[in-house]
Amino acid sequence: MSSSPTTVGVVFGGCSGEHDVSIRSAQTVAKGLTLGANRERYRVVLVYIDRDGRWWGPDLAGKVLSSGCPPADSDLPQPLPAPGFRGLPAGTDVVAVWYPVLHGPNGEDGTIQGLFELMQQPYVGAGVLGSAVSMDKQAMKAALAGAGLAQVPYVCAQADELSDAARQEALLKRIESGLCYPCFIKPANLGSSVGISKARNREELIHGLRLAATLDPRLVVEQGVQARELECAVLGGTTLRASVVGEVRFDADWYDYETKYTDGRSTTLIPAPLPDGIVEAIRSQSIQACAAVGVTGMARVDFFYDDSRDRVWLNEINTLPGFTSQSMYPMLWEASGVTLEQLVHELLESAGQ
């Protein structure tokens, strides 16, 4: 007699700017949970978090997933409850393991992971510490530097350094003394290139800092480099393994949000055409990086590679990488011999480890 299926709570949507991407990622995860043997292994309960942080149960969540679009306010049941988390929706008390598919703040920064910890229920992906450190680029860079992993030169900044002319001038001089143009200004706690800008001169630097400061009080400015963009996927519980290495090529000046999520704007090469030594270095450093920040479960680790100088720099760790039909994480594992059916199963098997 076969055992009863495990009930998986797939949570998607969220308050971040990556809300729509989360819906698309959840579609892929839900598909994977219905493929092959997973049909017998798992029962899926969908939970949708709207842009105001309200949690909705399977009925509305199923409609959102089917349409692929967030509902209009007029389509939500009235009267609307107060924004934010007010308890689990009806129909979710049967969930045995949670599968968060939430990109950006509140999803991959340790927030929802902390909620699952308080509920004493297992969940897919990195824990509170690994999620929080990886999300904050300042904290992540400090941890990676402590592990001896090479990164491009960078300067950390605070939004309040732009509060008056004297402090702003001091910040600009600090950046210009440590970095050359072009450089990239990033909010420390957003993903999918949201809020990132490229500065070729001081005027653009000021504009980029002010833009990023509207989104995050913590900022990072990085040296621009002429390099290829490479990505490696990591999977596992207490023991991690790395996928083949992929490359992203794009027609834009840099890999911004529109380029990432618009069909035809970027091309992926899997596996990337690279020397064997570089491939092994990237795979090894991907696992080292996850260990440095305490990440288990899954991650996508991004690198820069200057083939003219044979130099590799670690860029960042994404603990809840995109899972859409054009996202690198599932494609890297597919090229490594792990199907979508196997991938979501392994991720669920690693939950709680």
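One-based numbering along the chain as shown.
Note that Cβ sites are derived from N, Cα and C of the backbone, with glycine treated the same way.
The following features are taken from Swiss-Prot:
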- 141-349: domain 'ATP-grasp' (DOMAIN)
- 176-231: ATP binding site (BINDING)
- Asp302, Glu316: Mg(2+) 1 binding site (BINDING)
- Glu316, Asn318: Mg(2+) 2 binding site (BINDING)
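Distribution of Swiss-Prot features across the structure.
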residue: Glu176; record: ATP binding site; contacts (Cβ under 8 Å, 6+ apart): Arg202, Leu205
residue: Cys183; record: ATP binding site; contacts (Cβ under 8 Å, 6+ apart): Ile175, Lys198, Ala199, Leu205, Val221, Glu222, Gln223, Gly224
residue: Ser197; record: ATP binding site; contacts (Cβ under 8 Å, 6+ apart): Phe184, Ile185, Glu204, His207, Gly208, Leu211, Ala212
residue: Arg218; record: ATP binding site; contacts (Cβ under 8 Å, 6+ apart): Asp136, Lys137, Gln138, Cys156, Ala157, Gln158, Ala159, Pro187, Ala188, Asn189
residue: Val225; record: ATP binding site; contacts (Cβ under 8 Å, 6+ apart): Val152, Phe304, Asp306, Trp313
residue: Asp302; record: Mg(2+) 1 binding site; contacts (Cβ under 8 Å, 6+ apart): Glu229, Leu230, Glu231, Leu314, Asn315, Glu316, Ile317, Asn318
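Sorted by the number of other CB atoms within 10 A, the binding-site residues Glu204, Glu316 start with Glu204, the lowest.
Cβ neighbours within 10 Å of Leu190 (ATP binding site), excluding its own Cβ and spanning all shown chains: 23. Taking each Cβ in turn and tallying the other Cβ atoms within 10 Å, the top scorer among the binding-site residues Leu211, Asn318 is Asn318. In the three-state DSSP scheme, Val225 (ATP binding site) is classed as coil.
Mapped onto three states, the DSSP output places Glu316 (Mg(2+) 1 binding site) in strand.
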